[in-house]
Amino acid sequence: MQQCPDEARRDAAEDAQWSRPECQAWTGTLLLGTCLLYCARVSMPVCTVSMSQDFGWNKKEAGIVLSSFFWGYCLTQVVGGHLGDRIGGEKVILLSASAWGFITAATPLLAHLGSAQLVFMTFSRILTGLLQGVYFPALTSLLSQKVRESERAFTYSTVGAGSQFGTLVTGAVGSLLLDWYGWQSVFYLSGGLTLLWVCYVYRAAIFSQLSAACSFFILLSWLPTFFKETFPGSKGWVFNVVPWLVAIPASLFSGFLSDHLISQGYRTITVRKFMQVMGLGLSSVFALCLGQTSSFCKSVFFASASIGLQTFNHSGISVNIQDLAPSCAGVLFGVANTAGALAGVVGVGLGGYLIETTGSWTSMFNLVAAISSLGLCTFLMFGKAQRVDLSPIREDL
């Protein structure tokens, strides 16, 4: 007997729901996510007194910073629910968490970029509010589609308890960190843990893309100044042209090599990781060499090698995002690249700060190597090529 359309839709919805083990795993994962959401949210209230003392804020100025979170938070509630219904609540949660985790971890750096700390802190809190505003509407959308009706109340209340748990953790651990290491440590911890959570759930894709983009933007922004100041008599048409001429065939070769290796039977994730070893690992070695030579020819060679090898990221992490979630690869890459652009804001500014305070270009190249190494280690440890955008069917590449 042929099923009526309503029965077919109901059966399809039941098939899409999580099994008992899946539901338990996701409940624990989302409980931790909600906990980290509130860890990031209450970091500012916990640190306000210390920050006010450092930056000379009065109660009115502190109130502006504290309230600015809710300016953004109230604007994305409906958007979060709509996106959750359209593309899936888990995607919205993970994409937003990657961005708010980065902004939280970068808060101490933003505070020291210039003298307008009030403006930077207010802006960062507005962004955090915008990004966290989508969380609970997307969570509601996710649980309504994936959890059986008889288990929804307990699941939601368990996940929701993370808000109190996160506030408790930050109140306790954050207060100790505040006394021992200063207010900056609270933001580093809450933001860093959020990024690790996202890396675990989404197999490190966003964080590695962020690292690759940040390293590239630092070199893109500072290499011309480096050559001009270090080698005043050098020709701009050499150091501004040669590295990018090398990068074009390097990018094409990396794509050809990657596809060839996969067609020869190598596992996709093995090839992606090899490309990242070249794009983040070996390229950072040549970046370090830039800070250790006084020869113009060698500097051009090292810069060309570093920039050229960075194009291997196109065949590594950039394509890995498509491996993980082809149904929403555009959105995921957009968020990852946005995070990379924001990292570029911090990285390029921090590079200038290091050059100015140390009087040496070596510190800037060390920064590039450190960021690249962190992204590489994260991808090597957590990177996967298994689809995560289809619940019942997963294709292991």
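From the backbone N, Cα and C atoms, a Cβ is placed for every residue, glycine too.
Whatever TrEMBL says is automated annotation, not expert-curated.
Annotation source TrEMBL lists domain 'Major facilitator superfamily (MFS) profile' at 26-397.
Annotated transmembrane segment per TrEMBL: 92-111 (among others), in sequence order.
Remote same-chain residues near the transmembrane segment (123-142) are listed as 30, 34, 37, 40-41, 44, 65-66, 68-81, 83-85, 88-90, 92-93, 96-97, 99-100, 103-104, 106-107, 110, 156, 159 (criterion: CB distance under 8 Å, separation of at least six residues from the stretch ends). The transmembrane segment feature in TrEMBL is assigned to 123-142 (among others).
Here TrEMBL flags 154-174 (among others) as transmembrane segment.
Listed by sequence, the residues of this chain that lie at least six past the ends of the transmembrane segment (180-199) yet keep a Cβ under 8 A from its Cβ atoms are 32-33, 36-37, 39-40, 43, 46-47, 50-51, 54, 94, 97-98, 100-108, 170, 173-174, 206-207, 378, 382. Under the heading transmembrane segment, TrEMBL lists 180-199 (among others).
Proximity of distant same-chain residues to the transmembrane segment (206-225), defined by a Cβ-Cβ separation under 8 Å and at least 6 residues beyond the stretch ends, is recorded for 94-95, 98, 102, 195, 198-199, 236, 239-240, 243, 276, 279-280, 283-284, 287, 303, 306-307, 310, 313, 317-318, 320-321, 332-333, 335-337, 339-341, 343-344, 346-348, 351-352, 355, 364, 367-368, 371-372, 374-376, 378-379, 383. The transmembrane segment annotation in TrEMBL covers 206-225 (among others).
Marked as transmembrane segment by TrEMBL: 237-262 (among others).
Look at TrEMBL and you will find 274-293 (among others) tagged as transmembrane segment. Within the chain, the transmembrane segment (274-293) has long-range Cβ neighbours (under 8 A, six or more residues past its boundaries) at 208, 211-212, 215, 219, 226, 254, 258, 261, 299, 302-303, 305-317, 360-366, 368-369, 372-373, 375-376, 379-380, 383.
Sequence-remote contacts of a segment are chain residues at least 6 beyond its ends whose Cβ falls under 8 Å from one of its Cβ atoms, and for the transmembrane segment (331-355) they are 87, 91, 95-96, 98-99, 102-103, 106, 109-110, 112-113, 205-206, 209-215, 217-218, 221-222, 318, 321-322, 324-325, 361, 363-364, 367-368, 371. The transmembrane segment annotation in TrEMBL covers 331-355 (among others).
What TrEMBL lists as transmembrane segment is 361-382 (among others).
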Original post:
Residues sitting near the transmembrane segment (154-174): Cβ under 8 Å, six or more positions beyond its termini, same chain?
Top reply: 23, 27, 30-39, 41-43, 46-47, 139-140, 143, 147, 186, 189-190
Subject >> Stretch-averaged pLDDT - the domain 'Major facilitator superfamily (MFS) profile' (26-397) >> reply: 85
Subject >> Same-chain residue ranges lying at least 6 outside the transmembrane segment (237-262) that approach it to Cβ under 8 Å >> reply: 223-224, 227, 231, 268, 271-272, 274-275, 278-279, 299-300, 303-312, 314-316, 319
